[in-house]
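Written below as structure tokens is the structure these notes are about.
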Amino acid sequence: MSSGGLLLLLGLLTLWTELTPVSSRERHPDCDKPPDTGRCRKNVRAFYYKPSAKRCVQFIYGGCNANGNHFKSDHLCRCECLEYP
């Protein structure tokens, strides 16, 4: 194989390596946890990822002791938990 062909192959492999994590990204393991309202009694609007619905859902958070499936906004929830095939 010529040096030009090797450079092309190397370039394609590099591009594939860079793009693969974006296209096959999986959600964080905490996204499978049930929503945890916490022990406190504050009424804070929060979002959690609901795997059965494959979307983020609003819930009322008590204000402390949250698990990893707890987000301040729908956008943050979707960024962390939605899969990108």
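Backbone N, Cα and C define each Cβ position, glycine as well.
Taken from Swiss-Prot, the feature signal peptide covers 1-24, and the record attributes it to similarity to another entry. Summarising the annotation, Swiss-Prot assigns disulfide bond to C31-C81, C40-C64, C56-C77 and lists sequence analysis as the type of evidence. The feature domain 'BPTI/Kunitz inhibitor' is assigned by Swiss-Prot to 31-81.
If you take the Cα of C64 (disulfide bond) and the Cα of C77 (disulfide bond), they are about 18 angstrom apart, rounded to a whole number. The predicted model assigns the domain 'BPTI/Kunitz inhibitor' (31-81) a mean pLDDT of 93. For C64 (disulfide bond), the Cβ neighbour count at a 10 Å cut-off comes to 12, with all displayed protein chains included. Following the DSSP three-state reduction, the secondary structure of C64 (disulfide bond) is coil. Considering only the disulfide-bonded residues C31, C40, C56, C77, C81, the Cβ with the fewest other Cβ atoms within 10 Å is that of C40.
On a Cα basis, C31 (disulfide bond) lies 9 Å away from C77 (disulfide bond).
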